[in-house]
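See structure below.
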């Protein structure tokens with residue numbers, strides 16, 4: 001590969017790396033408990049957190065099962081009643097990632113819907129259908145429609 005092309009590719013990859021670090025800064029070791037509260041070293045990790053609550057949470061076997069079944073944000077949302085302080089700090093840390101992803105997905109969907117072949121003034125209904133997480137119940141929709149019989 002010629003040197004000038006290699007230099008351009010390397011510069012582009014370094015720019016991508018810088019942009020990714022801007023969107024996703026490195027996680028401090030003191031935030032590692034958010035990713036997995038069941039495999040941490042309590043003594044060396046925390047200073048300002050309610051350590052007793054985290055110790056109780058890490059010993060709760062029912063929550064460990066919930067942790068295995070759900071996504072990370074859903075797990076911390078389910079802990080809000082029993083462990084409000086720990087859960088609140090975890091949710092505050094995780095929310096920017098979820099909202100950034102949702103915004104990026106929305107813009108990508110909007111670009112897909114508003115192309116030169118499918119240009120509509122009112123894109124909200126299509127956008128809502130494309131971004132929803134609810135499954136479509138086709139049987140229910142078809143059942144409520146009247147059949148058109150041939151004459």
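Each Cβ is built from the backbone N, Cα and C atoms, and glycine gets one as well.
For 68-129, the entry in TrEMBL reads domain 'HAT C-terminal dimerisation'.
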Helix, strand and coil totals (DSSP H, G, I; E, B; other) for the domain 'HAT C-terminal dimerisation' (68-129): 45 helix, 0 strand, 17 coil
On average, what pLDDT score does this prediction assign to the domain 'HAT C-terminal dimerisation' (68-129)? 83
